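For reference, the structure is listed below as structure tokens.
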Amino acid sequence: MTGQQYAVRAGWRSGSAGFGLYVGASTLAGLGSTMLAFAVNWEATGFGARIAGLVATLGALPRAILMLLGGAIADRHGIRRIMIICDACMTTILISSLSILIGTESTLPVIIGLSVLGGAISAFYLPAAGGFVRLFVPAERLPKVMARVGGVQQVARLVGPGLGALVVVAAGLIGALGANLISYLVIMVALLVVRPPIRLAADSGEHPAVKGTAGQVLDGLRQAGRTAGMPAALGSLALVAGGVLPVIYLGVPLLVREQGRGVRAAGWIESAWIVGSLLVTVIMARWGAYRRAGG
């Protein structure tokens, strides 16, 4: 949600070193998460299509149910604070998963746990992370800066599956967990160090605690419904999420296993689909957003 107004602190200047540190750390975290997601999907497909579908569903369901709540909580308690808490929770989960895998060869319970808990945490982390960049950038520059940041992170996602495949070959799921743990520690330290120059300001005199989180969620739904082009955009995202992503994240690994090809083939095939979205972000970074979109 994170739909509050913003106030610039005294002494603010664009392009601070803290912003660069955050972008670098978040890109590394995205790379680690993409590697782990690939490793989890690959391991899940080894148990068959039904188990792989179950693992994917258990990861997506908490995110779908809790995402609006996560945005409201980020608005109420602070974007940066929520991100740090989520990173700390995910770090704890990764350490616990590593401890379990080192002591046993049973990966399915760990995969299911990672999917469910990771999905729930991402429901709170993603809305906050989506609003964090605007705490460094004035509104008029936001589309181009977001596109540039998105382009850098898309490169990480492009490399992630292929690199994840190499890690799985070399060290299995444990290696992917270790790499993601390092990336989460880096982003958590960066968030503790970085202080955004722009602070949130309430968009009305009503304090969020008085209105309540449920009221904020309902306000967000009403605002989305009233915003020109937003229902169509959300519908398009739903179609992509329902029709394209399962083919990429489940269909490709299952097909690769069925044809007897290795994990590296699955990794590079999954990387290929990022190229199109990377092209769009490059166009956005160069020319900005289409001003009449939804209008």
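Going from the start of the chain as shown, residues are counted 1 onward.
Just so you know, glycine gets a Cβ as well, placed from its N, Cα and C.
Looking at 182-199, 272-289, the range tied to transmembrane segment in TrEMBL is 272-289. Scored by C-beta pairs under 8 angstroms, the transmembrane segment (21-41) has its highest count with 158-175, from the stretches 47-70, 82-102, 108-137, 158-175.
Relative to the transmembrane segment (108-137), the listed stretch 47-70 leads the set 47-70, 82-102, 158-175 in CB pairs under 8 A.
Proximity of distant same-chain residues to the transmembrane segment (47-70), defined by a Cβ-Cβ separation under 8 Å and at least 6 residues beyond the stretch ends, is recorded for 1, 40-41, 82, 108, 111-112, 115-116, 118-120, 122-128, 213, 217, 220-221, 246, 249-250, 253-254.
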